[in-house]
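Asker: Below are the structure tokens for one structure; questions will follow.
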Amino acid sequence: MKYAVIGNPIDHSLSPVMHNANFAALNDLSSYEAINIRNEDFHRIKEIINDKALSGFNVTIPHKERIIPYLDEIDEQSKTVGAVNTVKIVDGKWIGYNTDGIGYVTGLRQVYPDLEDAYILILGAGGASKGLANELKKFVRPKLTVANRSMDRFESWQLEVNKISLQEAEAALSEFDIIINTTPAGMNQNKEVIINLDNLDSHTLVSDIVYVPFKTPILEIAEAKGNPIHNGLDMFVYQGAESYRIWTGELPQIQIMKDTVLKYL
């Protein structure tokens, strides 16, 4: 079987080394590659994928929403989030899934197993935030709180959450057990910290969905204050593991996937 990840740009993606390491560990002859598809070429997506004879593929930035009109079906998570990151091809039928939420929450539960009574603040109200919130609601009793710079961003939200501004979040920071950054702040060379952590309680876990850099500025500040931190590596690995399960019905070698990615960070 052949699989791939599509995006633009895609050269930086660690998905091929992660998935190919898993295939090798399972003595599976399948392969996984990265395919760069420019926005202006996306109308040829069916032709490009069919020419590669893929059995499934992952979708990353900026195509997670753009792919939806080309799919025959999408799962409930994808409908809620409005984005797809995994496609399974069965007898020519394209079925879309979103594994970001389950990937993140599975990783979070490794470091914070007692989620049930946690008060959680999510920073950002984009697609990633929606996916995480939708999955977290299955495990957490207190209503989730989502903070964003612009309140207009909440207009597309169907989920029942507390919606507050970043200023309100800063004032109430000490009330939360877990704070999750889902914004691009801190990615690559971006040194922005989206929220002031002065009011952070010492017990609060600070998490970021980014894994490059390994410690974003918000995580560095939290760690310097003595708080536990959690980056996006687990989310990346577990969403990939869930993609593999969707494609094959089998369980992957998760530790090998994680160890392989760590070698490149």
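Counting begins at 1 with the first residue displayed.
Note: Cβ is positioned from N, Cα and C throughout, glycine not excepted.
Values in this document were obtained by computation on a predicted structure and should not be read as measured data.
Got these off Swiss-Prot a minute ago, pasting:
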ACT_SITE  K64  active site, proton acceptor
BINDING   S13, L14, S15, T60, N85, D100, Y211  shikimate binding site
BINDING   E76, G124, A125, G126, G127, A128, I209, G232  NADP(+) binding site
Asker: Filter the binding-site residues S13, S15, T60, Y211 down to those whose C-alpha lies within 10 angstroms of the C-alpha of G232 (NADP(+) binding site); answer none if the list is empty.
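Answerer: Passing the 10 Å Cα cut: Y211.
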Asker: Hey, what's the Cβ neighbour count for D100 (shikimate binding site) at 10 Å?
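Answerer: Its Cβ shell of radius 10 Å holds 30 other Cβ atoms.
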Asker: Hey, which of the binding-site residues S15, T60 is the loneliest by Cβ count within 10 Å?
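Answerer: Each of the binding-site residues S15, T60 was scored; lowest Cβ tally within 10 Å is T60.
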Asker: What's the CA-CA gap between I209 (NADP(+) binding site) and D100 (shikimate binding site) in angstrom, rounded?
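Answerer: A Cα-Cα distance of 10 Å.
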Asker: In the structure shown, which of the binding-site residues S13, N85 has the fewest other Cβ atoms within 10 Å?
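Answerer: Per-residue Cβ counts within 10 Å for the binding-site residues S13, N85 bottom out at S13.
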Asker: What is the Cβ neighbour count of G127 (NADP(+) binding site) at a 10 Å cut-off, with all protein chains included?
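Answerer: 19, counting other Cβ atoms within 10 Å of G127 (NADP(+) binding site).
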Asker: Whole number in angstrom, please: the longest C-alpha to C-alpha distance across S13, L14, S15, T60, N85, D100, Y211 for shikimate.
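Answerer: Taking every pair of listed residues, the largest Cα separation comes to 17 Å.
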